[in-house]
Amino acid sequence: MSLRADLRHGLRIARAEFVRSVRGYARDRRRLLGLAVAVLFFGGNLLFSLPTAYLLGRTVRSADAIPFLGPAATALPFLLVALAALRTLERIGRPEAEELLLSTVHPRAAVIGLICAEIARLAIWFGLPIAAVVAAFALGLGSATFPLTVAVVVLPLVCWAAVWGYALGIGFLRLFRWLPALGRAAKIGGFLGMLALVLASQSIGRLVADGSFSVRGALDAVTIGPLTEYVAVAFLGTPLSRSLSPVGPGILLLFVALTPLGTAVAARSAKTLWFTDASKPERATRSKTSSGGFAAPRPFAATKPGRIAWGHLVRAVRHPQEFSHLVMIVFFLGPVGTTFVQSSGDALGALAAATGVGLATYLAGATFGLNPLGDDRPQLSLVLLSGTTPRTLVRGRVTAGVAVSAPVAALVPAAALGLGAAPELAGAFAAVGLPMCVAASLFSVGLGASYPIYEEREFWGAETVVPSTLVMVAYLFVVGGGTVIGLLATWFVASGRLTATPLVAGGLSVYVLTTAGVSYGSYRYAVRRYRRYAFD
Amino acid sequence: MPSTNTAAIEADDLRKRYGSEVALDGVSLSIPTGTVYGFLGPNGAGKTTTMRILTGLSRPSSGTVRVCGVDVADRRALARHVGYLPETPPLYEEFSAREQLEYVADLRDIAGEVADERIDRYLAEFELLDDADRRISEYSKGMKQKTAFVQSVLHDPDVLFLDEPTSGLDPRAARRIRESILAFADAGTTVFLSTHILPVVEAVADEVGVLYEGRLVAEGPPDAVTSRAATGDSGSLEDAFLAVTSGGEDVVDAEETDSGSERV
Ligand SMILES: Nc1ncnc2c1ncn2[C@@H]1O[C@H](COP(=O)(O)OP(=O)(O)O)[C@@H](O)[C@H]1O
Ligand SMILES: [Mg+2]
């Protein structure tokens, strides 16, 4: 009786959660734009993969001939469970409006609701494209039952994975609550793991390309037989069907049987998580105090922008989660990483020095500059009425950016000396890097002010106002490109490979003037945005 | 314990620790059915913590709670007895007020036509009808609070827990909620109301408890607490509040001296 009620409530919760998600996707123009990009991307892929699937269906004569079927069958359950666990950790480990749901229905209903909503979301993001591919393949194969058998195979798998992934995620949340240090370590580990993955994917691509690594051999080694048998059930009744071992249907039954068990485990575990508090407080027990007043140290104290910058830096150190958006750089490190792996000798030193300067110009703007109005918004009513001019406010931000990046621009080339960088080259890089940081910081405030983001969102486990991805990418593109050009020119000059022809001189001055002009213009624009800011 | 006259809320020696910090330090309550209980205390006294424990959303480190005779650990049995309006209204911004209320009615298994009738009546009563189909994300604080209030009473709970229901509201919205509290009390609902707005308590409460640093430092009818605690003879609840929450150790038990017969 109570199980029936919980199922009923769970499905209602799932429906409501799903509706909320769909409305969330289309909440404002920015999200719609992102959605459109995603649809275009998926759609573009389908344009290519649907005909491929169709042709494959026409030509393939045995299931073994379908490329990567075995490894995919092995990887799929693990990937799905990992995905579900990750989503639980990040998003759905607790219901929203928790007090309402938990004082209204049994926690088991809430768990069922959250999991079902997640399955529904999964179904529209991945299910629809996959269904299209399967349909195309079935059409090529000339088998009407194939989509049905695929559904029979996939549905239990997805339900099993969603349920156990949820249980796993809740388990992790409880573990992290018990051992908060482990949670922090996992976050850092996840970050490093992603970095490694990005780097590895680049090098593996290269290894495969030059033939020193056999994909087939490696994948065959990780294929788990029974799971392949399980997937073979999907080909039942098609021309590709082979004699069926009892293993496949056995695993099907296992998935079906394990799903309710997983739900029970997840519900029990979630109940413990939701209704107990951390035995140790999740926040630091040491209460946070500051001694003395607000006194900026030496170089900062001299000017008002300097003192404002010091304020930014102090708050940054006390609340580093605000800067989680900086991890974006990971996605652009891949090429640099592989080049590192392959270079040696003096090239390594030069490359390290250059990378340091590149990182510095990134930090110069990305740390404080890419969403100035959004970051300042909660205090804007204070700040704008304080009598401090907008120019000073913007300069404070720019100074803060320079203050975090200048040491990197100077110290990394210095450290690169140890890796064998030529002293004059390292010196030149550092000398060029400092003005570049100033330019990048000036540029960032204008770019960031052009498209402020006010709403907080959860990013890497911290509620912060994150700069728009568009702004971030534009910044990386412009400043990254500018930095590369500048560093190449520096390298040519410092290594004496460049003779002073009028053309070279002209090119360099164009570069310098453009950089200076764009940066200054951007800075002026930011000041104007501050001056004209109106709450709406 | 007489079963015919069970207290609506019966809490025995509740303690709650967060790590080394003690949030509740031996709170006992026995609140008869139909009472409007004003739960007073400065910020951080432990009012929200107490409410979360009384509604079963949080477990005490030690102590027991029964609401309407039901152990609060038995959530399935408890749910239909209690309505809870937390400090921040638990609403879904993506829903309209009507959708939100229908969703809650659905989760509470209130029959369709009964739900529709109640929702329409409450929306009208709380002056939300015109905006009922707008998304809650566009609502003002007062409108959100009124919506959340309605959702917590939709199933006609026996005991209503309200955590600072009128703080930050305009006088009109605050009065609307105050009047509604009185109406529910008249209909026999027990109301457990936390607040630090003293006039609200003076207006509606039959009985008050003052919580200070996790302990109940005074309890009894408002005027009894006032006359007992106030040092001078100005005798307002505000004076009493300030007197008992200024760090003194004495527990002022108003009813022992003034109205010992108030309670069973
Ligand atoms: N999750 C928690 N972890 C640690 N301490 C908490 C937690 N929740 C509340 N507290 C502490 O318990 C005490 C009482 O808080 P609360 O019940 O919110 O007070 P009130 O509602 O009366 O303002 C406060 O000192 C608060 O810091
Ligand atoms: Mg509170």
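Each residue, glycine too, has its Cβ placed from N, Cα and C.
Lifted from TrEMBL, the feature list:
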- A:32-56: transmembrane segment (TRANSMEM)
- A:68-86: transmembrane segment (TRANSMEM)
- A:122-142: transmembrane segment (TRANSMEM)
- A:148-176: transmembrane segment (TRANSMEM)
- A:188-209: transmembrane segment (TRANSMEM)
- A:247-267: transmembrane segment (TRANSMEM)
- A:323-341: transmembrane segment (TRANSMEM)
- A:347-370: transmembrane segment (TRANSMEM)
- A:398-419: transmembrane segment (TRANSMEM)
- A:425-449: transmembrane segment (TRANSMEM)
- A:470-494: transmembrane segment (TRANSMEM)
- A:500-523: transmembrane segment (TRANSMEM)
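When Cβ distances are compared across the two stretches, the transmembrane segment (A:500-523) makes contact with the transmembrane segment (A:425-449), since 3 or more pairs at least 6 residues apart fall below 8 angstroms. Remote same-chain residues near the transmembrane segment (A:122-142) are listed as 42, 45-46, 49-51, 53-60, 83, 150, 158, 162, 238-240 (criterion: CB distance under 8 Å, separation of at least six residues from the stretch ends). Between the transmembrane segment (A:470-494) and the stretches A:68-86, A:148-176, A:347-370, Cβ pairs under 8 Å are most numerous for A:347-370. Same-chain residues lying 6+ beyond the ends of the transmembrane segment (A:68-86) with a Cβ under 8 Å from its Cβ atoms: 118, 122, 157-158, 160-162, 164-166, 168-169, 172, 219-220, 222-224, 227-228, 230-231.
Away from its own ends, the transmembrane segment (A:347-370) comes close to residues 312, 316, 323, 325-326, 328-329, 336, 339-340, 397-398, 400-402, 404-406, 408-409, 411-413, 415-422, 425-426, 429-430, 432-433, 436-438, 440-441, 443-445, 447-448, 467-468, 471-472, 475-476, 479-480, 482-484, 487, 491 of its chain (Cβ-Cβ under 8 Å, at least six residues beyond either end). With a threshold of 8 Å between CB atoms, the same-chain residues lying at least 6 positions outside the transmembrane segment (A:247-267) that come near it are 107-108, 111-112, 115, 152-153, 156-157, 159-160, 163-164, 166-167, 170, 225-227, 229-233.
Listed as Cβ neighbours of the transmembrane segment (A:398-419) (distance under 8 Å, sequence separation of 6 or more from its ends, same chain) are residues 300, 305-306, 308-310, 312-313, 316, 348-350, 352-353, 355-357, 359-365, 367-369, 426-427, 429-430, 433-434, 436-438, 440-442, 444-445, 523.
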